[in-house]
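Below is one structure, written out as structure tokens, with a few remarks after it.
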Amino acid sequence: MTKIFLVLVLLQTLFNILVVASAANLNQDFDITWGDGRAQILDNGQLLTLSLDKTSGSGFKSKNQYLFGKIDMQIKLVPGNSAGTVTAYYLSSLGSTHDEIDFEFLGNLSGDPYILHTNLFTQGKGNREQQFYLWFDPTKDFHTYSILWNPQSIIFSVDGTPIRQFKNLESKGIPFPKNQAMSIYSSLWNADDWATRGGLVKADWSKAPFTASYRNFNAQACTWSSGSSHCSSSSSSSSPSWLSQSLDATGQERIKWVQKNYMIYNYCRDTKRFPQGFPAECSLA
């Protein structure tokens with residue numbers, strides 16, 4: 001069974017690399033927000049790069065805010081010795097009770113795997129970390145990292161393979177992000193005090209600048225402006241399909257496969273961290 005799902009995952013990965021969605025102009029979707037020239041939009045808006053050196057990292061932010069959506073970005077991570085670096089790609093609202101949906105890629109020494117760190121904040125509360133290794137080298141080519149966020153659940157996917165789901169359990173008293181519009185952010189920054197082996201391995205600045213690359217952003221989403229939302233769809237139907245999309249049987253099997261073979265940390269199993277009992281969603285999900 002594991003071999004079958006590995007073949008399916010590899011085929012999906014190949015499909016995502018070879019079949020590129022209609023390329024949006026990144027100049028229309030994002031603003032460079034910091035980095036003093038270290039972030040660039042190139043190739044007539046088809047490529048965005050973030051760079052990090054000893055002086056500074058860099059970052060960008062979406063021009064739009066979103067309230068639900070299916071959001072894809074292809075990313076190629078910092079190659080070689082990326083120890084001490086973090087490439088963060090996430091959705092977030094503002095304020096002390098903000099909501100947030102995180103992908104963070106923790107760099108490592110050459111030859112050692114990246115760690116994909118995921119987290120969720122609802123009403124300002126996070127501490128919902130799950131971490132994974134990837135089943136490919138994320139520095140060799142672009143791969144698609146996706147967030148499906150609708151009223152039923154939030155699903156993190158890599159090259160079309162779901163790796164994590166956070167269900168709407170409001171009926172059980174667990175907050176779910178549904179009222180705060182979020183912007184997309186990404187940054188490449190120095191976190192060598194904690195990112196690699198708990199900070200034991202520092203960034204090698206002789207290898208700088210470190211560079212991560214982005215392309216083929218696609219958002220089927222509800223954009224938020226002046227207190228109202230407008231939802232996009234790939235079809236002519238009045239209600240976008242992604243707004244009610246959930247994991248089918250294949251998706252449920254794939255997420256089990258990923259979590260069995262590639263998950264390296266799950267807050268819902270960390271008894272030392274939660275000696276008084278796990279967060280409520282751990283038993284209900």
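Note that Cβ sites are derived from N, Cα and C of the backbone, with glycine treated the same way.
Model, not experiment: these values are computed from the prediction.
According to TrEMBL, the active site, nucleophile annotation covers Glu100. Around Glu100 (active site, nucleophile), the same-chain residues at least 6 positions away in sequence with a Cβ under 8 Å from its Cβ are Tyr90, Leu91, Ser92, Ser93, Asn119, Leu120, Phe121, Gly126, Met182.
For Glu104, the entry in TrEMBL reads active site, proton donor. Counting only same-chain residues at least 6 apart in sequence, those with a Cβ under 8 Å from the Cβ of Glu104 (active site, proton donor) are Val86, Thr87, Ala88, Tyr89, Tyr90, Leu116, His117, Thr118, Asn119.
What TrEMBL lists as domain 'GH16' is 13-214.
What TrEMBL lists as N-linked glycosylation site is Asn108. Under 8 Å, Cβ to Cβ, and six or more positions away along its own chain, Asn108 (N-linked glycosylation site) finds Ser82, Ala83, Tyr114, Ile115, Thr196, Val201.
As annotated by TrEMBL, signal peptide applies to 1-23.
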